[in-house]
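J.: Before I ask anything, here is the structure I am working with.
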Amino acid sequence: MNKAYSIIWSHSRQAWIVASELARGHGFVLAKNTLLVLAVVSTIGNAFAVNISGTVSSGGTVSSGETQIVYSGRGNSNATVNSGGTQIVNNGGKTTATTVNSSGSQNVGTSGATISTIVNSGGIQRVSSGGVASATNLSGGAQNIYNLGHASNTVIFSGGNQTIFSGGITDSTNISSGGQQRVSSGGVASNTTINSSGAQNILSEEGAISTHISSGGNQYISAGANATETIVNSGGFQRVNSGAVATGTVLSGGTQNVSSGGSAISTSVYNSGVQTVFAGATVTDTTVNSGGNQNISSGGIVSETTVNVSGTQNIYSGGSALSANIKGSQIVNSEGTAINTLVSDGGYQHIRNGGIASGTIVNQSGYVNISSGGYAESTIINSGGTLRVLSDGYARGTILNNSGRENVSNGGVSYNAMINTGGNQYIYSDGEATAAIVNTSGFQRINSGGTAPVQNSVVVTRTVSSAAKPFDAEVYSGGKQTVYLWRGIWYSNFLTAVWSMFPGTASGANVNLSGRLNAFAGNVVGTILNQEGRQYVYSGATATSTVGNNEGREYVLSGGITDGTVLNSGGLQAVSSGGKASATVINEGGAQFVYDGGQVTGTNIKNGGTIRVDSGASALNIALSSGGNLFTSTGATLPELTTMAALSVSQNHASNIVLENGGLLRVTSGGTATDTTVNSAGRLRIDDGGTINGTTTINADGIVAGTNIQNDGNFILNLAENYDFETELSGSGVLVKDNTGIMTYAGTLTQAQGVNVKNGGIIFDSAVVNADMAVNQNAYINISDQATINGSVNNNGSIVINNSIINGNITNDADLSFGTAKLLSATVNGSLVNNKNIILNPTKESAGNTLTVSNYTGTPGSVISLGGVLEGDNSLTDRLVVKGNTSGQSDIVYVNEDGSGGQTRDGINIISVEGNSDAEFSLKNRVVAGAYDYTLQKGNESGTDNKGWYLTSHLPTSDTRQYRPENGSYATNMALANSLFLMDLNERKQFRAMSDNTQPESASVWMKITGGISSGKLNDGQNKTTTNQFINQLGGDIYKFHAEQLGDFTLGIMGGYANAKGKTINYTSNKAARNTLDGYSVGVYGTWYQNGENATGLFAETWMQYNWFNASVKGDGLEEEKYNLNGLTASAGGGYNLNVHTWTSPEGITGEFWLQPHLQAVWMGVTPDTHQEDNGTVVQGAGKNNIQTKAGIRASWKVKSTLDKDTGRRFRPYIEANWIHNTHEFGVKMSDDSQLLSGSRNQGEIKTGIEGVITQNLSVNGGVAYQAGGHGSNAISGALGIKYSF
């Protein structure tokens, strides 16, 4: 029976699935090709039963439960699909004019195409997977476009709907009369036309492109969706919801509503079109053309709108427009805001009913009208622009540039306008302009009924008669103000930069920008002087309550009087001879100058204010606040200050003056200043012939100046930083240096009461000091090459001398040191008492300094530190030369400065004494150089000088040289590094249980642990060494080869760790040095047996190792010296194994007696790095490339006890004797001297021990060895070994 297949849409799979049932259909039925059907179904995801293929079918009805499938390049036309019926078009199938009725469906799949399908109410057309539907009519029916489906020219009406799913595409859809298009996420609709009662709902980010909305049509854009290049005609509507974006919309009479959270970009509004922006919406770059409107509601914000001619932007309560470009109209209504608007080319900005505009710029032919409570701030009117301030309008901070105009009338108010060159302000009837500033060539016109209560203008000429009282005015240079008569108010025209006032009263004048007010008589009240404005008060005139601001000046000339002037920052009052000023207040930055013959009374100088009172001037009852500045001289008269009653200047004497913040006191010739204090930025100037006494203190960054200063009191320098003091200082007083900085002095300093350095330091540079000096703790002085101190020095801090001369005694209770230069020579023409430290070697490279004193006394615990390049008698060294006597006791600390050491004969002179040599000097530290120790002795070896003190490299009262014990430590490390890892074949191979010559074991591992002690002597005859050592070596055979004719070959690897600690004692000086050595080795070895290792025959062995060590040497009183050694050692040797005798005991146990003559040669190539000790000695190894030869014989017995008769255990006791010869003796070369370990050239060695086989694979051994050579050299060691064979 033929089978048919119905198909059911699966929402979960988003595909058609097959259901089997009986089939009926029209056209060509291919029921028997069931397999083919299933194959097609499997490729396209659909099922079908009635197939149309290879022919064209016309007409036909697909009834309930039937499926018609159209495929394979043929088609069907005029089919009718009724309720429950399905038509499937795919795989090249094509249908035309299909009618799909209620509950019928047409499915267009891969490569299927339909044209002019009619889908009635309840019917559905599905287009997916490469299917194409063209010119479908949805008369109440539905069309769904799925992924890769495409529909074009669909017509939707009578409640029909089109849904575009992700990946679906539609083009040129026409929607009308209740039709609806829904663009789901991922779907795309382009060129859709929406007619009356049609609707498009957009939910896709890809959205709708080039939609055309006619009258009555609606487009709704939802969150996350986009609509691009939509055209909305008259009566059409576009709604942009929260999260949606509309870009490039054209409103050609239609409406766009942008809701909260919605965004519209680059909208164009034409004739009768309206864009409405609601709260929370964002709209940018809208263009409003002729007849178009942009309405901004409460909370809405738009930016960069362009309004062209006859277009309108309406800003309602709470709405805001930013950076609009207005060539049409902008209307700012109640509580609306416009910011940074540009108005030009016939554009109007209307600000009314409480609207606000800020930062508007008005260019050529632009207009701004402010009325009915409107407010505009910071408007800029450029050339050709106009601002009108009308009834109840208010403009603040308007800037009028060249040819810009502001009209104020009918109750309008302009405040603080700035009228620049060419700018114009017109004030008409009932208009008011307050606080305008009219700059150069600006113009302000006040017409009849206009008011300008506080006039900022550029006034040039003003004449005030005795009966007149002018308005307040600010006076600038070059401008013009014209005031016309209204209701009897006077008028005047100001044309010059001079305002002259004759008998009468003027008040409230403002004089600016080089303007000038001349008061020849009468009273001037309340003048304000700004920006280089000037007021001159002549004889007969009085100025009261003047205020001097930045660069404002008031000049009080002879006969002129001022009262109550206030001088602010930059303001100045100058009182000339015959002028008088009273009650002047000087604030921060203000200044009052009182010249010779001028008089001021009651001046109040605040913090930061300045008063200058010249010689011949007087300042009475002045009040100088803290931080106020006083400039005066001893020739002025300042009898007292109300705040400091003790301060006075009169009759060439100033007392208790405090100078700060620029304050100046000049002490003139013959004048005296007593108890002067100079604080930060204060200045004290002392002319030649002027004197300071009492306590003069210079603090912080205060300044004292003068070429010859006479100080008869306490002169205290307490400055904050380092400074130079380049003046002559004389007098009967004392100079006290009390700040932490450094003072550099060059000149002649004479102070009868001395110089006291309490803190910081003084550098005397080319100075002559005629005074006793005291250097306190934490203070210092540096006496340079060219400086001379004529006086005693008491040092509790630090003194640095160079090529200096001190003509006086020194008591040193701290540090007296040379500078860091080389070969310095200082002279003390007086006695030196040393209670602490004298340092002649401040660096490790300063050898050669000489200190010459008249007499020297040392107290117990005192130290003299010297240095030198230690070699022989002529070593370069620091020296103390005493022209007179020495007494007391001092320690000597001597430092070798990279000297290589050498043998001395007469000694190295470090202290020379010409008088009585009663002082005792002793070395406090150990002095070494090269291979030698140095000692200190009084007198030289030849006996020609029994007063001086000498360093010698021989033992006291003996010609024997003192060799350092470090020689032995270095030599021992050298020897050990080359010998610790030595071994021979017997120490490595171990005894085996096998006695035949079968194939040897395939591999083995072994370990040897050795401990021992060795001792020896150096060839200097003074130093003996003792060393303990520990060695752990392990290895293993990694390759074995056996050949009947060639013998047995073995290759192995080995490594080891060793450490040693030793001590060398010099038995002549009792000084000692300790050495340590630890390191590692890695190497390879090889052996050959002629007939196997347990048979009679020849054998040979060789090995090579790389060794590296860390070493140290620590001598008594010296720094620990650390260095490295590394290098190769290699060995070659051989011998003959001989079974001398074999026997069998009564118990049946076999024993053997063996002899083994052998020979071994070892090359030793481990060397140390060249090392320089802390004292400069260069250390190198001696005995490099030594070849050690060992020849000997070994006897052994293979035995087994009766207890072990039936086991594999066997033992081999042995004894061995060797002769050892070394081609070189190991040692050390320290600078140019070499010391060797004696007795190591030829040595004898005895070994004994036992080897045992525990199991077939495990063997152990133990033994002791003793070596002995000449000069008492010997070594004893014990070893344990273990070997495991595989």
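Don't overthink the numbers, they just go from 1 along the chain as shown.
Positions of Cβ are set from backbone N, Cα and C atoms, glycine also.
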J.: With Swiss-Prot as the source, identify the stretch among 496-506, 716-726, 1211-1221 annotated transmembrane segment.
T.: 1211-1221
J.: With the ranges 436-446, 513-523, 1030-1040 to choose from, which does Swiss-Prot describe as transmembrane segment?
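T.: Feature transmembrane segment in Swiss-Prot: residues 1030-1040.
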J.: In Swiss-Prot, which of the ranges 484-492, 619-627, 772-780, 1276-1284 has the transmembrane segment annotation?
T.: 1276-1284
J.: Could you check which of 925-936, 1153-1164 is flagged in Swiss-Prot as transmembrane segment?
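T.: That would be 1153-1164, the stretch labelled transmembrane segment in Swiss-Prot.
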J.: Could you confirm whether, in Swiss-Prot, the topological domain containing His1271 has the same name as the one containing Ser1014, so that both are on the same side of the membrane?
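T.: Membrane side for Ser1014 and His1271, as annotated in Swiss-Prot: identical.
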J.: Would you please say which range out of 452-459, 948-955, 972-979, 1260-1267 has the annotation transmembrane segment in Swiss-Prot?
T.: 1260-1267
J.: Quick check on the annotations: Swiss-Prot lists transmembrane segment for one of 336-343, 464-471, 1080-1087. Which range is it?
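T.: Matching range for transmembrane segment: 1080-1087.
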J.: Taking Cα atoms as reference points, rank the glycosylation sites Ser116, Ser391, Ser576 by distance from Ser334 (O-alpha-linked (glycero-D-manno-heptose) serine) and give the first.
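T.: Closest by Cα: Ser391.
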J.: Restricting to the chain of Ser116 (O-alpha-linked (glycero-D-manno-heptose) serine) and a gap of 6 or more, list residues whose Cβ falls under 8 Å of its Cβ, or answer none.
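T.: Spatial neighbours, sequence-distant, of Ser116 (O-alpha-linked (glycero-D-manno-heptose) serine): Thr96, Ala97, Ser134, Ala135, Thr136, Asn137.
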J.: Restricting to the same chain and to residues at least six past its boundaries, which positions have a Cβ under 8 Å from a Cβ of the transmembrane segment (1006-1012)?
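T.: Tertiary neighbours of the transmembrane segment (1006-1012) are 983, 987-988, 990, 1028-1036, 1265, 1275-1284.
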J.: Using Cβ-Cβ distances, find the residues under 8 Å from Ser582 (O-alpha-linked (glycero-D-manno-heptose) serine) that belong to the same chain and are at least 6 apart in sequence, listing them in sequence order.
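T.: Those within reach of Ser582 (O-alpha-linked (glycero-D-manno-heptose) serine), by Cβ under 8 Å and sequence separation of 6 or more, are Ile561, Thr562, Asp563, Gly564, Val600, Thr601, Gly602.
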J.: For Thr154 (O-alpha-linked (glycero-D-manno-heptose) threonine) and Ser391 (O-alpha-linked (glycero-D-manno-heptose) serine), what Cα-Cα distance in Å is obtained after rounding to a whole number?
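T.: Ser391 (O-alpha-linked (glycero-D-manno-heptose) serine) has its Cα 61 Å from the Cα of Thr154 (O-alpha-linked (glycero-D-manno-heptose) threonine).
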J.: By a simple count, how many Cβ atoms lie within 10 Å of the Cβ of Ser334 (O-alpha-linked (glycero-D-manno-heptose) serine), its own Cβ left out?
T.: 16
J.: I need the nearest neighbour of Ser242 (O-alpha-linked (glycero-D-manno-heptose) serine) among the glycosylation sites Ser102, Ser252, Ser576, Ser577, using C-alpha distances.
T.: Ser252
J.: What three-state secondary structure does DSSP assign to Ser116 (O-alpha-linked (glycero-D-manno-heptose) serine)?
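T.: DSSP assigns Ser116 (O-alpha-linked (glycero-D-manno-heptose) serine) to coil.
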J.: I need to check the long-range neighbours of the transmembrane segment (1243-1253): which residues 6 or more away from its ends have a CB within less than 8 Å of a CB in the stretch?
T.: 990-993, 1190, 1192, 1194, 1196, 1208-1222, 1259-1269, 1273, 1279
J.: What are the helix, strand and coil residue counts for the topological domain 'Extracellular' (1013-1029) according to DSSP?
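T.: Reading the DSSP string over the topological domain 'Extracellular' (1013-1029) gives 0 helix, 13 strand, 4 coil.
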J.: Using a 10 Å cut-off, grab the number of neighbouring Cβ atoms around the Cβ of Ser102 (O-alpha-linked (glycero-D-manno-heptose) serine), all chains included.
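T.: For Ser102 (O-alpha-linked (glycero-D-manno-heptose) serine), the count of other Cβ atoms within 10 Å is 15.
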